[in-house]
Ligand code: ATP
């Protein structure tokens with residue numbers, strides 16, 4: 001790997017945009033390309049020119065697949081076989097008999113279809129809003145200053161600044177390259193990273209250089225894994241290489257839905273068979289009782305349409321997508337919908353320290369030069385071996401870049417009050433301009449730069465740097481042990497410690513001849529240590545406590561020093577081994593990357609059950625830790641921000657990337673992006689995930705119980721010798737008013753009390769667990785018994801409108817049920833009426849609509865209803881109240897059972913679950 005000296009570009013005259021170049025940019029000199037696009041690379045485009053070019057060239061977006069037309073959307077519900085059969089049967093029966101009935105049935109079916117189209121549209125909108133939020137930013141130079149712009153707004157001629165971790169935002173002709181390596185596998189399939197340079201390629205003759213060999217270009221969609229570079233945009237959007245590769249645009253194939261959706265769809269298919277069989281039974285029973293053939297067939301088909309839960313996967317999408325939208329308000333962006341579903345199952349959250357648990361607002365707290373007179377050279381090194389840049393547009397002291405580096409730069413310029421506040425002059429960046437560099441990387445834990453007068457400057461973690469020092473700045477042999485002890489003492493105070501060193505004699509010739517960082521960074525003289533404060537985030541300690549209460553173990557995995565890590569862990573309360581962990585005494589409170597490297601998998605498996613702080617790890621070890629936790633049955637969320645974190649993010653059950661400080665590479669690999677980088681946001685997302693999953697279960701509980709009630713009524717009635725209680729249009733109407741709005745309003749149901757005081761849900765646990773199935777059957781049966789009881793009572797009299805009573809009771813009982821199941825545990829009267837206004841409004845609307853079908857004279861002939869007397873209506877309401885009471889009894893029973901079942905801390909319960917699942 002050769003360090004390529006920075007290659008400043010010849011000045012290019014800014015001018016009007018020229019026609020596309022005759023020669024391809026990789027064959028031209030970079031200055032020619034810049035001149036061609038009318039831009040000076042040191043200045044970039046100006047704002048107005050960028051706006052004008054954006055209009056001319058269009059946004060930097062890949063062409064997307066055609067979205068479905070409205071007609072296709074509208075017709076989609078009618079592709080369902082049962083709906084087709086129903087409509088055909090309705091038409092036939094209309095031709096033979098009652099045309100009004102047919103029209104009403106068709107209207108209801110259309111309304112139902114309209115609702116499902118709207119639901120689907122709503123879900124798509126929520127998802128595309130999420131996608132828009134997820135679009136990448138690119139760092140460009142415009143108006144002479146580096147600034148982030150949305151990648152979609154890039155135009156040809158823009159100067160893009162690349163660094164490790166970036167996703168290349170457009171096709172670029174590189175003009176300045178420092179150690180750049182790019183993973184081009186997305187484009188070429190080649191998994192080995194490619195080194196880049198700024199020089200023009202030789203004339204290729206008749207066959208042009210293959211895309212993968214154009215080493216002075218960086219292609220849209222590829223990933224920068226190492227180094228830094230600047231390049232000029234030469235193609236955007238569909239004009240890029242990626243845009244031209246049609247194969248890639250069709251990537252992904254049809255969306256198969258989230259695991260839960262797939263399971264529900266499979267379940268729905270199985271259930272459809274059962275429902276169709278039951279409907280045949282209903283038909284046969286009715287026929288045997290002497291009901292006329294065609295109306296009976298229509299009844300059976302309507303029941304099938306109403307009771308087959310074909311809408312479940314779609315409604316789950318809506319609930320997930322709406323949940324994802326709420327997560328954005330809580331600063332967590334979901335990149336893959338399944339993450340919403342599984343968030344609630346997380347048992348372990350492995351988090352970085354810097355920036356996630358701490359504020360990443362670094363300030364130099366202490367400097368330890370070799371001798372007081374070396375302070376100035378220590379500061380100079382801190383300013384030069386540093387990629388932070390002064391913010392030209394911002395306040396005079398504002399700096400851009402990595403917080404560690406900006407803190408070092410600010411200290412270098414201003415000094416510390418206790419040292420007399422002396423700093424060095426920024427002009428040294430000109431007099432000692434950088435000749436070459438070996439960028440920071442989290443595995444080496446150090447970086448170096450080469451300068452004409454000062455030679456090689458190197459800064460990094462003390463353990464990484466001190467073994468490479470032979471002398472100190474005074475020329476004396478280095479006492480590495482003493483300096484390591486000094487570094488340790490600073491780290492023990494929670495400071496982040498960096499060592500700085502110099503190799504004065506190093507020249508560009510050394511660097512070119514001996515290019516590997518490891519060989520260049522030798523024979524150094526130590527300049528001193530610098531300790532930076534990075535205080536914990538104020539909300540992190542509360543979030544850690546919330547995790548522990550929720551049976552989730554927070555684990556810190558950091559590249560920082562073990563003492564620093566432990567000091568911060570103590571402040572946050574996550575240093576102690578989990579309560580109840582075996583063999584806690586065997587393990588120290590913190591393990592280092594070196595300790596991990598010495599462990600075999602069996603030992604590691606024991607260690608991860610106990611130790612919650614890991615320091616000086618390198619990114620590759622994160623994968624081992626995730627795998628060890630997973631092998632113990634833990635469901636693991638893992639945060640990451642760097643390029644090398646991507647594999648661990650992918651290996652984790654939920655990869656969590658940083659939206660602010662993180663790299664595009666990490667974001668690509670993650671399921672969840674934290675828009676504010678806070679640890680507390682992960683915990684909030686878990687809480688939200690649990691709420692969403694609870695609400696999905698509530699929807700299933702509600703919808704399936706209603707269906708089961710309808711089936712019981714139509715099946716049991718004839719068996720008890722009663723006439724069929726409902727007309728087909730009644731069944732379809734009940735389905736319409738109950739399944740539409742009220743069910744969806746469950747999406748806004750607030751979290752259950754104590755949602756974060758119960759253990760995580762095992763991810764593979766059936767959505768029907770904890771008695772949901774039984775509930776569906778017995779509450780449905782109860783509703784049917786109440787309906788049929790009223791039917792029998794009303795029929796005894798002979799004059800009472802028994803059909804209207806059953807019709808009304810079934811609707812009201814479902815509404816009452818919905819109110820009662822808003823919580824799985826808390827009694828209805830303690831839930832409060834104001835906690836879910838949309839649900840109350842939806843219930844009220846359904847009740848009013850039902851009332852209209854019964855009491856409005858114009859609707860009575862349409863729905864074949866009669867006005868109910870006060871007594872009759874009272875009985876219908878009373879039956880609904882019985883349903884509420886029964887559900888409350890069930891809740892009380894569950895509360896008693898729940899207390900017995902979850903005795904002891906939630907964390908222990910979670911651990912029991914995980915041990916059980918790992919031994920399976
Ligand atoms: P976390 O993994 O929790 O984010 P971290 O930021 O400390 O922690 P890394 O960024 O991998 O982890 O840094 C590891 C070590 O490398 C640091 O403790 C520090 O000693 C050193 N280091 C960090 N940033 C730089 C830098 N810009 N230049 C030189 N050395 C650095």
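Using the three backbone atoms N, Cα and C, a Cβ is placed for every residue, glycine included.
Those TrEMBL annotations? Automatic predictions, nothing curated.
Within the set 208-230, 231-253, 300-322, 323-345, the record from TrEMBL flags 300-322 under the feature transmembrane segment.
Of the given residue ranges 51-67, 102-118, 119-135, TrEMBL assigns the label transmembrane segment to 102-118.
TrEMBL assigns the feature transmembrane segment to residues 76-96, out of the candidate ranges 76-96, 139-159. Counted over residue pairs separated by six or more positions, the transmembrane segment (102-118) shares fewer than 3 Cβ pairs under 8 angstroms with the transmembrane segment (839-858), which leaves the two as not touching. The transmembrane segment (777-795) makes contact with the transmembrane segment (870-889): 3 or more of their CB pairs lie within 8 A, with pairs spaced 6 or more apart in sequence. If you look at the transmembrane segment (271-288) against the transmembrane segment (711-734), you find at least three C-beta pairs under 8 angstroms, all six or more positions apart, and that counts as contact. Same-chain residues lying 6 or more positions outside the transmembrane segment (300-322) and placing a CB less than 8 Å from one of its CB atoms are 80, 82-83, 85-86, 89, 105, 109, 116, 119-120, 122-123, 126-127, 130, 257-258, 260-262, 264-265, 267-268, 271-272, 275-276, 278-280, 282-283, 286, 337, 340-341, 692, 695-696, 699-700, 703-704, 707-708, 710-711, 714, 728-729, 731-732, 734-735, 739, 743-744, 746-747.
Taking H, G and I as helix, E and B as strand and the rest as coil, DSSP gives the domain 'Cation-transporting P-type ATPase N-terminal' (24-98) the counts 47 helix, 1 strand, 27 coil. Mean pLDDT for the domain 'Cation-transporting P-type ATPase N-terminal' (24-98) in this predicted model: 81.
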